[in-house]
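The following features are taken from TrEMBL:
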- 33-53: transmembrane segment (TRANSMEM)
- 109-128: transmembrane segment (TRANSMEM)
- 135-153: transmembrane segment (TRANSMEM)
- 184-207: transmembrane segment (TRANSMEM)
- 272-289: transmembrane segment (TRANSMEM)
- 295-318: transmembrane segment (TRANSMEM)
- 325-344: transmembrane segment (TRANSMEM)
- 349-380: region 'Disordered' (REGION)
- 353-366: compositional bias 'Low complexity' (COMPBIAS)
């Protein structure tokens with residue numbers, strides 16, 4: 001339970017601070033998102049690397065050994081192939097989200113697709129993880145997605161009407177725009193939405209598979225004197241390897257990477273450092289939640305975090321004074337749905353029927369007593 005609370009705090013605090021710092025960086029250094037993502041990956045990989053190492057015991061320093069390195073790797077808990085696949089999928093999703101903006105896709109449309117990830121994840125869990133959801137659960141998830149999309153689009157419309165910079169102007173409304181670019185950008189967003197859901201499903205599978213392996217070798221772990229010290233937290237291992245293995249992939253586009261690194265304003269270096277640290281806190285919370293909860297619960301948490309960000313912004317900056325009826329209905333409806341979802345009963349998987357309620361020991365129904373009496377008389 002403590003891990004879940006830590007994960008929630010990291011997601012809601014770290015991710016919000018990270019978004020704020022990212023906006024500050026992009027204002028001074030626009031078109032540097034690819035390089036910033038690479039810097040984040042490098043920092044997260046090397047800052048989390050010490051969790052996978054431990055000091056050698058005295059008896060492990062074999063006399064005459066050529067290795068004088070005082071550290072050794074902890075035992076791996078996640079298979080190498082799963083770590084590599086997780087790194088490749090996470091990198092692909094991250095880069096694809098950024099690429100879509102280069103195909104004349106507006107930021108509001110981009111945010112709309114990302115806001116629909118909750119329903120896509122629910123569909124993926126239904127198809128691939130044999131999960132079942134009740135009608136109230138589906139309606140709550142749909143209300144959250146619709147509310148978040150409505151808030152995003154309404155804020156974008158008002159910002160464009162005022163000539164503000166909260167969102168860029170919608171390029172899809174430009175008559176001279178080639179149709180194929182917008183179509184290709186939307187296709188990338190659709191693929192990315194399903195890949196993001198697939199990533200969540202695969203993360204859940206990775207942790208389930210690793211826990212199953214741990215259970216199978218549990219006897220050996222409990223009898224080992226170094227069982228607790230020789231393994232690292234599973235979420236920390238996944239966090240480090242998924243970023244470490246993905247770093248070489250950024251050099252598939254070296255010219256773009258080095259050009260964007262050179263374009264980062266010198267005055268933004270402190271913001272870049274803080275952005276990397278808050279990204280570490282944010283993504284660590286995501287991996288903790290991924291290990292302790294389901295993929296859908298994690299997606300629900302991230303979606304509610306976005307909704308909380310918009311709500312705080314509305315009241316902190318006084319935007320509620322000019323909110324339309326659509327915005328009020330969308331915000332209140334989404335918040336109410338998010339609150340109600342936590343109290344809804346869970347549905348049982350298709351291959352698992354709900355357990356019937358058992359009577360207390362010693363209690364017997366009247367029909368059972370009658371059947372016993374009839375059976376005893378028939379034997380007399």
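Easy rule for this one: first residue shown is 1, then count along the chain.
Any Cβ shown, glycine's included, is placed from N, Cα and C.
Please treat TrEMBL annotations as automatic predictions, because they have not gone through curation.
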Result, the transmembrane segment (109-128) in contact with the transmembrane segment (295-318) (3+ CB pairs under 8 Å): yes
For the transmembrane segment (184-207), sequence-distant contacts whose Cβ falls under 8 Å of one of its Cβ atoms, 6 or more beyond its ends: 78, 82, 85-86, 89-90, 92-93, 96-97, 99-105, 109-110, 113-114, 116-117, 120-121, 123-125, 128-129, 234-235, 238, 290-291, 294-296, 298-299
Stretch with greatest number of CB pairs under 8 Å, the transmembrane segment (135-153) reference, 109-128, 272-289, 325-344 candidates: 325-344
Intrachain residues whose Cβ lies under 8 Å of the transmembrane segment (325-344), provided they are six or more past its termini: 134, 136-137, 139-141, 143-144, 146-148, 150-151, 154-155, 300, 303-304, 307, 310-311, 314
